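Sequence annotations record features per position, and here Swiss-Prot assigns [4Fe-4S] cluster 1 binding site to Cys58, Cys61, Cys64, Cys113 based on similarity to another entry. Here Swiss-Prot flags Cys68, Cys103, Cys106, Cys109 as [4Fe-4S] cluster 2 binding site. The annotation domain '4Fe-4S ferredoxin-type 1' is assigned in Swiss-Prot to 47-78. Sequence annotations record features per position, and here Swiss-Prot assigns domain '4Fe-4S ferredoxin-type 2' to 94-123.
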Amino acid sequence: MRTTIHKVITMMKGLIIVLKHAFQTPVTLRYPEEKRILPARSRGRHYLTKWNDGLERCVGCELCAIVCPAQAIYVKPAANEPGHIHSHGERYASDFQINMLRCIFCGYCEEACPTGAIVLSNQYELSAYTREDMIYTKDRLTEKTPGESGRDPSREI
């Protein structure tokens, strides 16, 4: 008799919990149609920005590659030639790659950059069909439209 009463009470407790949660709004989103609004400081896709005059901000100092804990960044610096200037510094990044498969989105590269060349946006849809497509080259990282990265690309340092 005692175990039967205990079983009924336990079932009633479980039923009460189920009924409580049955009428709450769901926390899931229908992803492709509805996208989650991310916090302002969330970190996603990387961008390389340019100055207002069109020159690259990256001076090829390699600080982003040095500070990256995942070693996901490769920078090959080259000297600016007098007739063919790429950046305001003495050097520029002739080759700049980020392996997005290795990146942990820590933001250290953004903090270490002395010119603010590399910024992390809040775009999180980074899927690709091949591993090679996940290695972002300089052309893919260069910001095409101002403000796409979530930061003001015209800010002067």
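Cβ atoms here come from the backbone N, Cα and C positions, even for glycine.
Since the structure is predicted, the reported quantities are computational estimates derived from the model, not experimental observations.
The most densely surrounded of the binding-site residues Cys61, Cys64, Cys103, Cys106 is Cys64 (count of other Cβ atoms within 10 A of its Cβ). For Cys58 ([4Fe-4S] cluster 1 binding site), the nearest of the binding-site residues by C-alpha distance turns out to be Cys109; the candidates were Cys68, Cys103, Cys106, Cys109. Residues Cys64, Val67, Pro69, Ala70, Ala72, Ile73, Ile98, Ile104, Phe105, Gly107, Tyr108 surround the recorded [4Fe-4S] cluster 2 site, their Cβ atoms falling within 8 Å of the Cβ centroid of Cys68, Cys103, Cys106, Cys109, which are themselves excluded. Under the three-state DSSP scheme, Cys109 ([4Fe-4S] cluster 2 binding site) falls in the helix class. The two recorded residues Cys106 ([4Fe-4S] cluster 2 binding site) and Cys113 ([4Fe-4S] cluster 1 binding site) have their Cα atoms spaced 14 Å from each other. Using DSSP to sort the residues of the domain '4Fe-4S ferredoxin-type 1' (47-78) gives these counts of helix, strand and coil: 5 helix, 10 strand, 17 coil. For the domain '4Fe-4S ferredoxin-type 2' (94-123), the model's pLDDT averages out at 94.
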